[in-house]
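K.L.:
Could you have a look at this structure, given as structure tokens, before my questions?
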Amino acid sequence: MALVRKRRQINLRLPVPPLSVHLPWFSFASSTAPVINNGISASDVEKLHVLGRGSSGIVYKVHHKTTGEIYALKSVNGDMSPAFTRQLAREMEILRRTDSPYVVRCQGIFEKPIVGEVSILMEYMDGGNLESLRGAVTEKQLAGFSRQILKGLSYLHSLKIVHRDIKPANLLLNSRNEVKIADFGVSKIITRSLDYCNSYVGTCAYMSPERFDSAAGENSDVYAGDIWSFGVMILELFVGHFPLLPQGQRPDWATLMCVVCFGEPPRAPEGCSDEFRSFVDCCLRKESSERWTASQLLGHPFLRESL
């Protein structure tokens, strides 16, 4: 008797970006995320140089004038669209809630309503992000990184926070080989058991099948998308290139949608240990209900490599 695989039907309509409508300055101090200062004021820190620039602001390396402690300062301009205003308020609320050695720590949030600026003071990670390590890590190193990232995800998920943008650029490293989760700009706090959060946000290259397929996503595990992204990222670090497409091929939305929704999940290459191949498989199962959770993955035999 022939087995017939159920054909996946997905919504192929792409979202239309909202119009860029700018709002007057919004005071985040009056929102659900109170201003954090930890005893540090904006005048206590001095900018040293730029670490990075984005469409919404600039990240500086700064130091405390009295203690000499080094921090990263993310400065965001107040001339923002409604969507970005909500995004920033959500990020600040998550930073207020989190306190974990596996999540980049927020040291202060400063407002300048007159000039329309918000600055977020964070711990400084002197090793950059994991992008620079693609193709240059061993299984043992990956196991050590994975253990820390999964502890961070397990912590966030226990607080009902879905990150929605796990990728090498958002995982920061320091000189002690500690890896921490950063950038909560598109994250979401799940406030009800039926909250639906599999929308077109984050980096599409790391989106799970249910996030491309909005109809299927409504009934999926809201946290499982983070595990898919984690699995793609771990495999990318090992093989040295984005694993869902041939090396050198630039991912685009339509190609990724077809590969992720209709193709077979990527596998670890030949020559890897059975434990690593199994670990990747547990992360990259097409059905979200079959993917292991962060807590389950922490008990996987592959992570014994990091002990």
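Yeah, the Cβs are placed from backbone N, Cα and C, and that goes for glycine too.
Checked Swiss-Prot, it gives:
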DOMAIN    45-303  domain 'Protein kinase'
BINDING   Leu51, Gly52, Arg53, Gly54, Ser55, Ser56, Gly57, Ile58, Val59, Lys74  ATP binding site
ACT_SITE  Asp165  active site, proton acceptor
MOD_RES   Ser193  phosphoserine
MOD_RES   Ser199  phosphoserine
MOD_RES   Thr203  phosphothreonine
K.L.:
List, in sequence order, the same-chain residues at least six positions removed whose CB sits under 8 Å from that of Leu51 (ATP binding site)?
P.N.:
Val59, Tyr60, Lys61, Ala72
K.L.:
Measuring Cα to Cα, how many Å separate Gly57 (ATP binding site) from Asp165 (active site, proton acceptor)?
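P.N.:
Pair distance, Cα basis, whole Å: 18 Å.
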K.L.:
Residues with Cβ closer than 8 Å to the Cβ of Arg53 (ATP binding site), same chain and 6+ apart in sequence?
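P.N.:
Same-chain residues close to Arg53 (ATP binding site) (Cβ under 8 Å, separated by 6 or more) are Val59.
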K.L.:
Could you tally the C-beta atoms, other than its own, that fall within 10 angstroms of the C-beta of Gly57 (ATP binding site)?
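P.N.:
Taking every protein chain into account, the count is 19.
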